[in-house]
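Some features that Swiss-Prot has for this protein:
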REGION    67-86  region 'Disordered'
COMPBIAS  69-86  compositional bias 'Basic and acidic residues'
ZN_FING   161-188  zinc finger
REGION    253-282  region 'Disordered'
COMPBIAS  259-269  compositional bias 'Acidic residues'
COMPBIAS  270-279  compositional bias 'Low complexity'
DOMAIN    310-356  domain 'G-patch'
REGION    404-426  region 'Disordered'
């Protein structure tokens, strides 16, 4: 069916429901039960049609992806795919679809690594939170340049609903994009910005201490420990947000240290529910330092050295004005010889405060950020070596603290996805006609997918045998799905026939 036809059908069904609702509200007694049943059937039919519309949009998207994939394969040149010179696109396909077993093993080793990342809330509060690596991603910049290595992390102690991992996303069933979903689909972080995981310290936990406690909605709120049951390892805590008490196990508590409590009290003025996991005192102390953005090396020849990367217009202008290289500036050549350093003053500080910092020699050398980038290698061995460097960097920086994605999936109460009913085989009130209509729509969609897979397989029949094997497996998978749907269709038709025969016998 066309997308516009389905939308028009949905609008017609809604108009019919409005008309039926008007008749029911008028107070007529005759046929009231039939109208109510008709209204329920129309409501269910609207739901089925909307699902069909959604599957149609998905099939269109899959068609677009298949076209891109086929064009991606057609652009390759297998003749030039040698060990010494590999085309970028062919190497990417071969490395990531067939010969990427080592990278997949490395990905599995990285997944679940615990770390600590900086996160800025929507209201501007910057905090540090414990997290766990969910996936390793690389953002391509250019075919001839490098890939920027990033990881997608999930927060272990989310302090806001937008940070709670989406349960449907973890199951691979979420219908919303990351920005549209009210829960988190992961947070992208540069590998170089990852910090070591901070283990909760239960050695000095006592009554009256501040902590983060998990609530029924999966969010960790600011709380206070009232008492401790040492035998059962349970805590009686008081939620400050809800003003209620609860008894929680050890896994639902995250004790806050003195620095975290201090930073939390400072951030409460900006947010009602925000919790800071890093010390703002250390940040403010770091802001009171004058930094050199650039500082000369001290050699006399350093003046103008940067012009080897430019046209040297500055040196030419100075030479026209009579400047002799090696001497100082000024009329008599007694001025400064070295270039002027670039100084970045602390933001929001007065000149008197900056002068005081100069006297205290609080001058900080510029730091160079070590950017770890995933280089796209021309050979398989080179790409595996670079990927292992990123993995080694993560393991070296974060240690070997590992977690389980299953713990995130079932960690917070009420976060499990609801089990939706797909078929009521034993229910007498099941509308088998609607089920049959739904199966017909799905069969039609799968047949279209099967035709596309067969066309793609025919295009790659005379080409690389490895690509042919991939498309053959895809075709067989879609064909098996079609056979399952045909069996379901046959069973539903038998159910409808039995129901009709039973009704005829009952009337007789």
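Using N, Cα and C of the backbone, Cβ positions are placed for all residues, glycine too.
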* How does the zinc finger (161-188) divide up by DSSP, counting helix, then strand, then coil residues? -> 7 helix, 4 strand, 17 coil
* the domain 'G-patch' (310-356): DSSP-derived helix, strand, coil residue counts -> 14 helix, 3 strand, 30 coil
* **Per-region confidence, the zinc finger (161-188) (mean pLDDT, whole number)** => 83
